[in-house]
Amino acid sequence: MINQLKGTTIKVDDGQVTLTDYMGSDLSVVNAARVSFGKHKSEMDDKDVKLINYLGAHKHMSPFRHVIFTFTLEGVSEVVCRQLYKHQVGCAYTSGEFKEAATTWNEISGRYVKLEPEFHVPANFRKQSKSNKQASVEGENVETEDAVRAIYLDAMEHSFAAYKKLLDLGVCGEQARMVMPLSFKNSLIWTASLEATINFIKLRDHEGAQLEIRNLARAIKKLIEPICPHSIEALLKSSK
């Protein structure tokens, strides 16, 4: 049943995230913790659930790193990708642009391919929060949506037109892409341990985070919950 989760896709705004692959389960966490005593379990029981809760409560994190997830993100805005890239502990990304041990990511590169005119267009344009200078207010939208949308779409059109013109004038792709806005849609592969994934969810699914990254965090949580529910619950209960 759990193996059927591979390939599961959830829509995130006008993009999507897929659980491409994973390794491990709650039992993997238990066996990693018990190996110090030469113990190995083949099935979970109540004692194992208590052990997982103990590990989470006391921040014994190494056993949780034996569960690994790989996600494929498609059609996600660059502004969301840049926030995801900040989560480097226990993660692996690979890119043709930045190749550094343990802090790399795989994404489409504007150095190697011509970028397509695909941009994230918000379903609604939110108001700025009055109490939090870095946040918006979910559910409270500007009254001038039509005018705002027209300005937004015009900016996208002009930025892509500038990108194409630079290419036509012989400018290299790695420089021409610099005029592309953060709404530009990207695709990438992200691999992270259970510990790192839950750390991402904790930090990005809260009222102070941007709604677009919150939606991604919620989708990822939904994808992995059936695989290791006890470990996820224990880690979410533990303090940051």
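Cβ atoms are placed via backbone N, Cα and C, with glycine included.
Copied over from TrEMBL, here are the features:
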{"type": "ACT_SITE", "residues": "Arg204", "note": "active site, involved in ionization of N3 of dUMP, leading to its activation"}
{"type": "BINDING", "residues": "Ser62, Glu107, Asn199", "note": "FAD binding site"}
{"type": "BINDING", "residues": "Glu107, Ile108, Ser109, Gly110, Arg111, Arg177, Arg204", "note": "dUMP binding site"}
Checklist entry - In terms of DSSP three-state secondary structure, what is the assignment for Arg177 (dUMP binding site)? => result helix
Next on the checklist: Counting only residues 6+ away in sequence within the same chain, which have a CB under 8 Å from the CB of the residue listed as 'active site, involved in ionization of N3 of dUMP, leading to its activation'?
Outcome noted: Gln83, Ile213, Arg214, Leu216, Ala217
Checklist outcome for this item: Asn199 (FAD binding site) to Arg177 (dUMP binding site), Cα to Cα, whole Å, comes out at 32
Next on the checklist: Within its own chain, what residues at least 6 apart in sequence put their Cβ under 8 Å from the Cβ of Ser62 (FAD binding site), listed in sequence order?
Outcome noted: Ala32
Next on the checklist: Validating a neighbour-count step here. Other CB atoms within 10 A of the CB of Asn199 (FAD binding site): how many?
Outcome noted: 19
Checklist entry - Rounded to an integer, what is the Cα-Cα distance in Å between Arg177 (dUMP binding site) and Glu107 (FAD binding site)? => result 14
